[in-house]
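See below for the structure under consideration.
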């Protein structure tokens, strides 16, 4: 594999071991090499700590912002033309909305984020890129809104050699508020502020405990009822269930100094609780039932789905798969309310609804997109609503009360993304809100309860300093997060409303948009 590529893309699949229909997108992903990330495991973007340090800080903290002062001022002159020395005054130009997926940006242009747009924004990296992650439930309570926050994460790596991969439990603590209002003192020295925070013991901290995982971790999911029990899909074609209670205890009891510095131990060798080798190919589809504790479903790239039923401290996996898809099963979602119902999406452009008591064929098979259906999410607060994301960038919302094979009608169809949708998840605190990630390097937050109001827009446009939104900009689009390289998965924190976790080729982001979730004072 070549290791000298500056901006890598993570391949989603390897060469299959059995013949099956393949999408062009899957072929494209397989040809992409994966370089190793900087060796400072757990270190923050832009920091200079030793290899064993695990401190990180917010994106942009301490960065030199003097470049703005070095501009030639042409933009300011254009806006302030009415203050010119001679000639007729020019009318100030109304600001325009920049659409990242449509307008683009030159390769040599570096974007800076608006600190007032985020309640918090932090970044950190694992030693290797991670295709998948999940937020582990903790015992710190629900509906937490006050900073600083703490969260538990499970993730797995995609290393260049199978034996270098690891399954990691991460504890991120002292997640601080980073928002600075636009009218705040812009001349405040960021480095002095960071130093003050560090000295006061408020530096965010990352603790990691890892186990050896043979093969790339295609997907990882923590059991909602027992979060220290996790399932992984390996590119070796095996599905494994792990007991990570010892690793959870380790990161919870490990201490760091007041600057957030700690040590990272080498991954330990732990045997998984169970390994299933009955899949005919590797896969990505994996989901725990929120209704029956311990029930699991896994789907592979050969189109098969196997169900795991808990028996004592083990699992019984039926060797006979659920069959109905004609291509790779890309994602699986259990019903939030029904014990025997789950859904799956596939590269055959369909979504299937399954009854666990009938394996031979799905109860319903509906063509939902004109491209591979990569991801899906079942709304836990509004059980009739399902979201799907496809390889052509389309994001669609479906009402299961009107979901049928003969005439499928989506509730909403968004074409804002310009590349494959790689992840989608409904918000656990608002039935009308969801987030999507795309290979166009954006993460979007949507609110389906928002509708275009012509009178309100006209009133807003009366203020000359307000930007005119393009007519094709969806009013439901609440927030666009950027700065990622090839984002692969996003996860909401179910106990901290509005907080999002993303994993991409260049590491992890933890962020809360200012206009999402409860207001932070």
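Each Cβ is built from the backbone N, Cα and C atoms, and glycine gets one as well.
The following features are taken from TrEMBL:
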COMPBIAS  18-33  compositional bias 'Basic and acidic residues'
COMPBIAS  61-85  compositional bias 'Acidic residues'
COMPBIAS  183-199  compositional bias 'Acidic residues'
DOMAIN    110-174  domain 'Histone-binding protein RBBP4-like N-terminal'
REGION    1-101  region 'Disordered'
REGION    176-204  region 'Disordered'
REPEAT    322-357  repeat 'WD'
REPEAT    366-408  repeat 'WD'
REPEAT    414-456  repeat 'WD'
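Residue counts of the repeat 'WD' (322-357) by helix, strand and coil are 0 helix, 20 strand, 16 coil (DSSP-based). The average per-residue pLDDT of the prediction over the domain 'Histone-binding protein RBBP4-like N-terminal' (110-174) is 95, rounded to a whole number.
Secondary structure counts, DSSP: the domain 'Histone-binding protein RBBP4-like N-terminal' (110-174) has 6 helix, 29 strand, 30 coil. The helix, strand and coil residue counts that DSSP assigns across the repeat 'WD' (414-456) are 3 helix, 19 strand, 21 coil.
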